[in-house]
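Undergrad: Dropping a structure here in structure tokens format, bear with me for questions.
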Amino acid sequence: MSNIIVELKHVGKRYGDTQVLKDINIEIEQGKFYTLLGPSGSGKTTILRAIAGFLDVSEGEVLFDGKRINDVPANQRKVNTVFQDYALFPHLNVFDNVAFGLRLHRMSKQDIQTKVEDALKMVRLQGYADREISELSGGQQQRVAIARAIVLEPQVLLLDEPLSALDAKLRKDMQYELRELQERLGITFLFVTHDQEEALALSDEIFVMNDGEVQQSGTPVDIYDEPVNHFVADFIGESNIIQGHMIKDFLVEFNGKRFECADAGMRPNEPVEVVLRPEDLDITPANSGKVNVEVDTQLFRGDYYEIVGYDDLKNEWLIHSTNPAKDGETVGLTFDPEDIHVMRLNESEEDFDARLETYEGE
């Protein structure tokens, strides 16, 4: 039996001549934490609104529990939304904000009392029922918005950048709370953000969006370690992306040298892009590593130094090191074959997955 609760099949959305969603195909399973991740204008919030019923799609189908819901009004869908600005009613106290939807459903006073108390307990706001919204911190207001959304017991909770208005420390605290809440509730969360660190920390699965298309989907580890294209490699974390050629399976050439790698399934001498993450580079004395770079600048980031250098071919290198380097000095860089990730130019996610299965199965 399938546990897919939401599915988008060949979904497109146009505003006049502008195509904002292009052939979107995604499957969302019950009880998991999903994230739509991408820059502004990538289409992630449009997908959220299409699932919620706040807009009509131009092409394709939106399915809920296997049934087409394109024509089902928003108030009849088994989803609820937490908005970026929380959309709380300032003239109502905490209890009445959370109870608002229950009253629209004409529930009894006793049922409303019980459900509101349970929802506030779930978000750790016991004792706040009589507080005015203006008396609450940003984090507390966000919890009220979540309580109002979950009190109606939706099967899917949609969250549209709910942490964006919070300061850095509170955002991190709320990440833990959101993840814990999702696990306690056991319902599906679909979270929208442009913050890749948030997405990596929270998600069971991420859909990376750009220009109205899903560039890649997968677990945070898969997407970080195996980006399918230049956009994903550059957008998720920080990367050194260098032009090269795939000499043969498990051997790649860049910077005028050949290196063993863990990739295969490409044409001999095919042009490729090589990805090396800054944290995978170790600094050695000059001429004792695999690449020499001249240190240009460095910044202290608290638990590491962020060092920028340039090789003889003027490629920029970003290095994360626990030890500082001296501006202007030449150092060596070393890395393991498994640290090298080779990307074909313009390879689709489908072709990437097929190639990966072929050579990993050998």
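These residue numbers are counts, starting from 1, taken along the chain as shown.
Each residue, glycine too, has its Cβ placed from N, Cα and C.
Pulled these from Swiss-Prot:
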{"type": "DOMAIN", "residues": "6-236", "note": "domain 'ABC transporter'"}
{"type": "BINDING", "residues": "G38, P39, S40, G41, S42, G43, K44, T45", "note": "ATP binding site"}
Undergrad: Which are the residues of the chain, G38, P39, S40, G41, S42, G43, K44, T45 excluded, whose CB is within 8 A of where the CB atoms of the ATP site average out, their centroid?
TA: T46, H194, M209, N210
Undergrad: On the 0 to 100 pLDDT scale, where does the domain 'ABC transporter' (6-236) sit on average?
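TA: Residues in the domain 'ABC transporter' (6-236) carry a mean pLDDT of 92 in this prediction.
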Undergrad: Find, among the binding-site residues listed as G38, P39, G41, G43, the one whose Cβ has the highest number of other Cβ atoms within 10 Å in the structure shown.
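TA: Within the set of binding-site residues, the most crowded position is G38.
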Undergrad: Near T45 (ATP binding site), which residues of its own chain have a C-beta under 8 A away, given they sit six or more steps off in sequence?
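TA: Set apart from T45 (ATP binding site) by at least 6 residues yet with Cβ under 8 Å, we have L36, D160, E161, V192.
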Undergrad: Out of S40, S42, give me whichever of these binding-site residues has the highest number of other Cβ atoms within 10 Å.
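TA: That would be S42, with the highest Cβ count within 10 Å.
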Undergrad: Let's check the environment of K44 (ATP binding site): how many other CB atoms sit within 10 Å of its CB?
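TA: Summing over all protein chains shown, K44 (ATP binding site) has 28 other Cβ atoms within 10 Å.
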